[in-house]
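What follows is a short report on a single structure.
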Amino acid sequence: MFFTISTHKMSSIADRNDGSIFDGLVEEDDKDKAKRVSRNKSEKKRRDQFNVLIKELGSMLPGNARKMDKSTVLQKSIDFLRKHKEITAQSDASEIRQDWKPTFLSNEEFTQLMLEALDGFFLAIMTDGNIIYVSESVTPLLEHLPSDLVDQSVFNFIPEGEHSEIYKILSSHLLESDSLTPEYLKSKNQLEFCCHMLRGTIDPKEQPTYEYVKFIGNFKCLNNVPNSAHNGFEGTIQRSHRPSYEDKVCFIATVRLATPQFIKEMCTVEEPNEEFTSRHSLEWKFLFLDHRAPPIIGYLPFEVLGTSGYDYYHVDDLDNLAKCHEHLMQYGKGKSCYYRFLTKGQQWIWLQTHYYITYHQWNSRPEFIVCTHTVVSYAEVRAERRRELGIEESLPEIKADKSQDSGSDNHINTVSLKEALERFDTSPTPSASSRSSRKSSHTAVSDHSSTPTKMTVDTSTPPRQSLSAHEKSTQRRSSLSSQSLSSQSLGQPVTQPTMSQPATLQLQSSMSQPVFQFSAQLGAMQHLKDQLEQRTRMIEANIHRQQEELRKIQEQLQIVHGQGLQLSSGPCVPKIHRTDVTVPEMFLQQSTSGLNFSSVQLTSGNSSSVQQLAPGNMQGQVVQTNQTQSGMNTGHTSTPHMIQQQPLQSSASQHNQQNVLSGHGQQSSLAGQSQNTVSTPLYNTMVISQPTAGNVVQVPSSLPQNNNQNAAAVTTFTQDRQIRFSQGQQLVTKLVTAPVACGAVMVPSTMFMGQVVTAYPTFAAQQQQPQTLPVTQQQQQQQQQSQQDQQQQQQQLTAVQQPAQPQLTQHPQQFLQTSRLLHGNQSAQLILSAAFPLQQSTFTQSHHQQHQPQQQQLSRHRTDKMTDPSKAQPQ
């Protein structure tokens, strides 16, 4: 029984173990299934991504359009990478590590600099020798403009002996027709040869000069060459008969000079009308240079200041510049010719200068020269030089104009291979006449405004032209608005000389535009001529006016020095045909702007030979000064006066010069009309001719008491030797002179009064102390002449001639200042002035006295007039 129970227990345990094992297996299967599903998903994702990459890589492989399996794609990719690795290794071996091009330069600028450094230029030639492109660097090297070479045959610029060799070199690739494929053109086919090229000249008649050059280049296949006409004519071969690559193959070369140039001519103008300003001395040395000059000429201002402009000019231009500068010094302004200026980079640049002379604002003397320099191109220079030489483009040629733009694609003209071969077979070496004709025509003047290209026809080849092509070329030329030229050409034999073709070519349109430009230039020249003539007339008028003033000053000096009394301004100079004249005492009274010499008479001792004098005019200047002395304000104002001089009667009587003389009964009266109650001193000036130089003239305000002869004349003086005047009484001064020989009595104009300066005391000062106005001798006058010049701008005087020589007591308180009176043994001329300040009251008086034969009666008569003013009233 125990065994049975144990067996039963063991069976139950076994069943229980089997169930647990099954459950565990189920769980493990579930886990494995989940893992497998997850792994399958990731594997599928990886395969999909791999297929996508293989497909993309297969699409990038060239050559096969069919579908490739994965292994093929991978194999070709491996081959490409291997080849690329080899190419990279080769490139790294031949690569130059140094960076040649600076970062601040563009490709065009760097190319231009490299060409200048190599003394070379780019040239593109078709297989037949037609030039389709040339760089601008050809101008400083060969003196050709790019427009002179484009669309021309290269054989026109090569000596005849080298034509066949050059043509064989250019056509050498034609022998290998099998290899003439785009792949061959892209491969290495470098070609080098040397030859001579013609240098350009301004005058086509000059002897041709050739430069030895070297061509280094290769053939290129151009895909963008337009199917344009060659020299304005369409080819005769149909386009279908030509190879597809024929007119798109050209020889691109770098042409270098065998002998480098140390100083080159820089003719490329980057920006038109570039200019800068400078200032020069009259010796043409730099005084100033503005900020625009360094980018153009390379010099900084401090590098050229003080140097002569002639140090920078070309030796061939010195003669023309010297003539231009002479014209500048003659006319004051002008325009220079075209000349070459040496820059700091040792290159010649063409300039034209407009200059003018500036003058000092005070003395009008030439100070310096202001110049405005403008940069010009070689095309303008050559056109101007040819116009000066009178060269006209009259040779038989057909011109077609094109507009060239550096930023646009170059217009390339081609010709068929058959035409080139015919030309080579017919005339491999053009004649001398043909070459000279081409030489004279390839340097045609180009219009710088539209930059047209001059195209000519090779005269050794019969031109071919259709009507439609002629119409197209005519429309193209008219649309470009350049020189309108059309021509007709007739078939000529190939062997016919070039000089026989002018009859076959005719100009059909007039040169309207050049005529218009010439008219505009002629009008500008005429306008400039009119301005110069007007300026010349103004300068001549100024010179005449200055000469007239100088003549007047010379006459004034002659009057002062006694070399002849002549008046240049004024209606008349009165003359007295008496030798001995004495002027009587003068009576002054107040007046306004008008004073009349009603009757000024000069009577001789015997009362005979009276001659009337013509009236003269005299004007004064206005001088205002205010002086206050002893509480009295006296305004010294000299207003303009018009003095009418009436007929004068002359008389003379002579006395000894050593005695004190008095007037001999001669009189002159002044009649004035008072219009304003203004206190104005009158300046009366007398011109006196004296035969000797030792005379002293005194104008006393108080006469000496010890003079017995004039005892009656001082009865009104007080003990303190002061003259007393009443409120309404006028001031009377007696002037006594000695009889002298006088040839003329003159009332000069005010222009001479600048040489006379006097010192005037006020009326208050005259009442305090006696005054004597002596004229010092020559030594004292010269010492005080400097004081006279300072006062002559403040006072203006008038003069009346009168001989005088009193000998009175001298009181050196105040002196009468004169200029240039007594000089050596010459006849002295004395200008006296006496100013008498009047009280601020109106005096309306006129005096007329009778001639007294004796001195006592005259003195008594003068005393009565001073004491009793009623006697001085006009009768």
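Backbone N, Cα and C atoms are what each Cβ position is placed from, and that goes for glycine too.
Checking Swiss-Prot for region 'Implicated in the circadian rhythmicity' across the ranges 57-107, 261-311, 516-566, 567-617 points to 516-566.
Taking Swiss-Prot as the reference, the stretch among 32-47, 784-799 described by the feature motif 'Nuclear localization signal' is residues 32-47. Its Cβ taken as reference, LYS67 (SUMO1 cross-link) is surrounded by 9 other Cβ atoms within 10 Å in the chains shown. Cα separation, LYS67 (SUMO1 cross-link) to HIS84 (site 'Important for interaction with BMAL1'), rounded: 24 Å. Around ARG47 (site 'Interaction with E-box DNA'), taking its Cβ as the centre, 10 other Cβ atoms fall within 10 Å, counting all chains. Distance noted between the C-alpha atoms of ARG47 (site 'Interaction with E-box DNA') and ARG39 (site 'Interaction with E-box DNA') is 12 Å. Broken down by DSSP into helix, strand and coil, the domain 'PAS 1' (107-177) contains 40 helix, 13 strand, 18 coil. According to DSSP, LYS67 (SUMO1 cross-link) is assigned to coil rather than to any helix or strand. If you measure from the Cα atom of SER38 (phosphoserine) to that of HIS84 (site 'Important for interaction with BMAL1'), you get 41 Å.
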